[in-house]
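A.B. asks: One structure, pasted below without further comment.
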Amino acid sequence: MIKSIETILADVPTIRPHKLSVTTMNTQTLVLVRVRCDDGVEGWGEATTIGGLNYGEESPESIKTNIDTHIAPLLIGLDATRVAAAMAVVRKAIQGNRFAKCAIETALLDAQARRLGVPLSELLGGRVREALPVAWTLASGDTGKDIAEAEKMLELRRHRIFKLKIGARAVADDVAHVLAIKKALGADVSVRVDVNQAWSELQAMEGIAALQDGGVDLIEQPIRAHNKAGMARLAQRFAVPVMADEALQGPLDAYSYATAAAADVFAVKITQSGGLMLAAQVGTVAQLAGVGLYGGTMLEGGIGTAASAQLFATFADLSFGTELFGPLLLTEEVLQEPLVYKDFMLQVPSGHGLGVAIDTDKLGHLRRK
Ligand code: MUC
Ligand code: MG
């Protein structure tokens with residue numbers, strides 16, 4: 001039986017300002033959910049947003065309030081061993097709130113996998129890989145600093161795929177910035193861009209043409225998420241793959257994007273999809289439709305990153321890799337044992353459930369009082 005549900009907000013400074021077209025992050029707020037069951041098993045989940053309400057329609061505070069006030073009361077007393085049934089109750093009663101639902105579902109699945117003595121990936125179909133290629137985002141806002149940061153990552157053998165956040169400046173300035181970085185890093189290093197919806201379709205045509213000529217490998221969400229027809233035109237016009245991110249808010253969007261051929265690649269995010277089970281369906285739609293898969297992040301800490309890794313390890317096709325570097329952008333680690341990044345890969349935790357444990361003392365210091 002589900003006995004109690006606790007939600008915790010923890011503000012963790014980033015290692016440097018993280019500049020996106022929609023906001024500059026100096027802190028990340030982790031929303032952590034702890035579910036305790038009457039058999040003594042507990043599970044953890046996480047949801048993060050980017051810049052409060054700058055990126056999506058849920059904020060850390062709304063996630064906490066809506067779980068505490070509306071979602072937890074529906075779940076207390078339900079059978080903890082029947083996660084799908086418990087989530088069906090939540091999904092029937094609660095509109096929207098995909099991030100909150102993801103955090104809750106993750107905690108319930110973590111508890112159930114621990115109870116069964118298996119890694120969470122086994123409840124999601126079973127893993128086909130033990131390590132995931134992991135990109136790093138260069139977003140200091142300064143070309144020289146970004147090049148130095150990338151060179152350090154290559155030397156550490158931590159990342160050799162770099163995603164650049166653009167869209168805040170004029171197209172020509174962004175293109176010059178990206179191509180200077182691409183030139184400095186060379187042909188063997190993958191350079192990609194994420195515009196976070198900032199361009200008009202005309203700007204996108206100009207920008208993508210120049211980036212494609214300069215050897216950029218992937219163009220993420222160049223235009224507004226609702227402009228599916230525009231995304232389809234761009235995907236068709238250019239050889240460089242165009243990826244949907246903000247446009248995918250679950251399997252229905254994935255289906256409609258796949259049938260409209262509106263993206264070459266899907267960025268799958270567990271929060272944005274509304275939970276691990278729905279994110280798995282986004283992955284299935286992509287694989288059925290021949291759309292490439294990329295494991296996305298909302299810059300979660302260790303819990304959300306481990307949860308995403310458990311799912312992405314089940315994807316047969318993961319040709320564009322992942323960006324599960326969230327904990328590395330934060331100055332404080334909330335796990336007892338940090339996730340392992342080596343040889344350009346994130347090792348998928350092999351223990352039961354999420355395979356990670358929270359450092360509750362550390363969290364005690366970081367949590368918002
Ligand atoms: C996004 O839009 O992809 C992921 C990596 C990063 O730096 O920002 C996020 C959000
Ligand atoms: Mg993105």
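Residue 1 is the first one shown; counting continues down the chain.
Any Cβ shown, glycine's included, is placed from N, Cα and C.
As annotated by TrEMBL, domain 'Mandelate racemase/muconate lactonizing enzyme C-terminal' applies to 144-241. What TrEMBL records for K165 is active site, proton acceptor. As annotated by TrEMBL, active site, proton donor applies to E323.
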A.B. asks: Would you kindly give the Cα-Cα distance separating the residue listed as 'active site, proton donor' and the residue listed as 'active site, proton acceptor', rounded to the nearest Å?
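C.D. replies: About 13 Å separates the two Cα atoms.
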A.B. asks: With DSSP helix as H/G/I and strand as E/B, how many residues of the domain 'Mandelate racemase/muconate lactonizing enzyme C-terminal' (144-241) fall in helix, strand and coil?
C.D. replies: 50 helix, 13 strand, 35 coil
A.B. asks: What number of additional C-beta atoms lies within 10 angstroms of the C-beta atom of the residue listed as 'active site, proton donor'?
C.D. replies: 27
A.B. asks: Which number gives the other C-beta atoms within 10 angstroms of the C-beta of K165 (active site, proton acceptor), all protein chains shown included?
C.D. replies: 24
